[in-house]
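S.K.: This structure is in structure tokens; I'll ask about it shortly.
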Amino acid sequence: MLVWLAEYLVKYHTFFNVFSYLTFRAIVGLLTALIIALWMGPHLIAWLQKMQIGQVVRNEGPESHFSKRGTPTMGGIMILFSIAVSTLLWARLDNPYVWCVLLVLIGYGIIGFIDDYRKVVRKDTRGLIARWKYFWQSVLALAVAFSMYAIGKDTPATQLVVPFFKDVMPQLGMLYILLAYFVIVGTSNAVNLTDGLDGLAIMPTVFVAAGFALVAWATGNVNFASYLKIPYLMHAGELVIVCTAIVGAGLGFLWFNTYPAQVFMGDVGSLALGGALGTIAVLLRQEFLLVIMGGVFVVETLSVILQVGSFKLRGQRIFRMAPIHHHYELKGWPEPRVIVRFWIISLMLVLIGLATLKVR
């Protein structure tokens, strides 16, 4: 939005040229989202406490979690608001990639909000019925997938980028839609599963978003895309703004979510952030890179799948409790140790993922 204003004002003073620089807008976009989140946090937390919108803790969970009962939840509202405002201010709003991510972010946020509202306010332990949750997630994911396929059909925008192989970029055709669907919905639910400890989900989200900011910048730059042997996508550059807004909003939220948490993001935050990361990966043609950089989310999800599968097939559990972060809690690890070690692993995976762009 401000880019258009600056383009009009530049004829009055060359200072406004600075708004045309992607790096400048990325930095101020991050700071804008961070400041909004830091400002909004205390007000939202106070309102959630007043409305008695507190976390519901399962009795079968780790005993250390009982003290979390009643902690304000649905704090993801501040994350989504910060990202949306920052993106609308600093990104070019004629860019279809920006609107795809915002559609999923807000749409999945609404799904998560309804789920949280039913569980916390209506005291319905089921929340939003699973089949309806997946139905609306699917509708939004398919809407984005079909739209982007129509725009980028038979171009690099629908190729599959395979790590380590610079010449392996098959054209997916209609399989693009199927892949996009599973990546967006899968990542959304993976982040949701990971969001079980104070700050556990938000910091890996920040790391992955920061990694994708670099990838988006390279993908949208014809020279760097050629150098790294990845598809050049003309709309990709503006995703840098979205990614840095996620980083800023995530860090602002972490200020209040760090152990011991003053607020939890709830499904309104986790479903939306996961969906946004999945959408960004699809738009950048870096689904495999998401699996590497978002390895913490992948492992958390696999632990649940293996646990459920093992119990149904053999009547035995593999882990003491799933997702796997609860397994380590029940082994006696203090919660902060689990959180920080998962953060370290996440940072390492993001760096490894970025390295694969060059090792081709």
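Quick reminder: no glycine exception, Cβ is built from N, Cα and C everywhere.
As annotated in Swiss-Prot:
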TRANSMEM  27-47  transmembrane segment
TRANSMEM  71-91  transmembrane segment
TRANSMEM  97-117  transmembrane segment
TRANSMEM  132-152  transmembrane segment
TRANSMEM  168-188  transmembrane segment
TRANSMEM  199-219  transmembrane segment
TRANSMEM  236-256  transmembrane segment
TRANSMEM  263-283  transmembrane segment
TRANSMEM  288-308  transmembrane segment
TRANSMEM  338-358  transmembrane segment
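What's the neighbourhood like for each of these?
M.R.: Among residues of the same chain six or more beyond the transmembrane segment (71-91), those with a C-beta under 8 A of the stretch's C-beta atoms are 1-3, 25-26, 28-30, 32-34, 36-37, 40-41, 44-45, 48-49, 53-55, 98, 101-102, 105-106, 109, 112-113, 116-117, 120, 238, 241-242, 245-246, 248-250, 252-253, 256-257, 261-270, 272-273, 276.
Tertiary neighbourhood of the transmembrane segment (132-152): same-chain residues 96, 100, 103-104, 107-108, 111, 115, 158, 174, 176-177, 180-181, 184-185, 188-189, 271, 275, 278-279, 282-283, selected by CB-CB distance under 8 Å and a gap of 6+ residues from either end.
Panel annotation: around the transmembrane segment (236-256), residues 22, 25-27, 29-38, 41-42, 45, 75-76, 78-80, 82-83, 86-87, 90-92, 95, 97-98, 101-102, 199, 202-203, 205-206, 209-210, 212-213, 216-217, 219-221, 262-263, 265, 269, 273, 276-277, 280, 283-284 of the same chain, lying at least six beyond its termini, place a Cβ under 8 Å from a Cβ of the stretch.
Taking Cβ pairs closer than 8 Å, the transmembrane segment (288-308) reaches residues 161-163, 183, 186-187, 189-191, 193-194, 204, 207-208, 211-212, 215, 274, 277-278, 281, 317-319, 322-325, 327, 342, 345-346, 349-350, 352-354, 356-357 in its own chain, all 6 or more past its ends.
Sequence-distant contacts of the transmembrane segment (338-358), counting only residues of its own chain at least 6 positions beyond either end whose CB sits under 8 Å from a CB of the stretch, comprise 163-164, 197-200, 203-204, 207-208, 210-211, 214-215, 218, 228, 230, 259, 289, 292-296, 325, 328-329.
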S.K.: Any residues 6+ beyond the ends of the transmembrane segment (168-188) with a Cβ under 8 Å from its own?
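M.R.: Hits for the transmembrane segment (168-188): 104, 108, 134, 137-138, 140-142, 144-146, 148-149, 154, 156, 158-162, 231, 270-272, 274-275, 277-279, 281-282, 287, 290, 294, 297, 301.
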S.K.: Quick test of the contact rule: Cβ under 8 Å, at least six residues beyond the ends. What residues does that give for the transmembrane segment (263-283)?
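M.R.: The answer is 41, 44-45, 48, 55, 68, 71-77, 79-80, 83, 97, 100-101, 104-109, 111-113, 115-116, 120, 127, 137, 140-141, 144-145, 148, 179-180, 183-192, 194-195, 201-202, 205, 208-209, 212, 216, 233, 235-236, 239, 242-243, 246, 250, 253, 256-257, 289-290, 294, 297.
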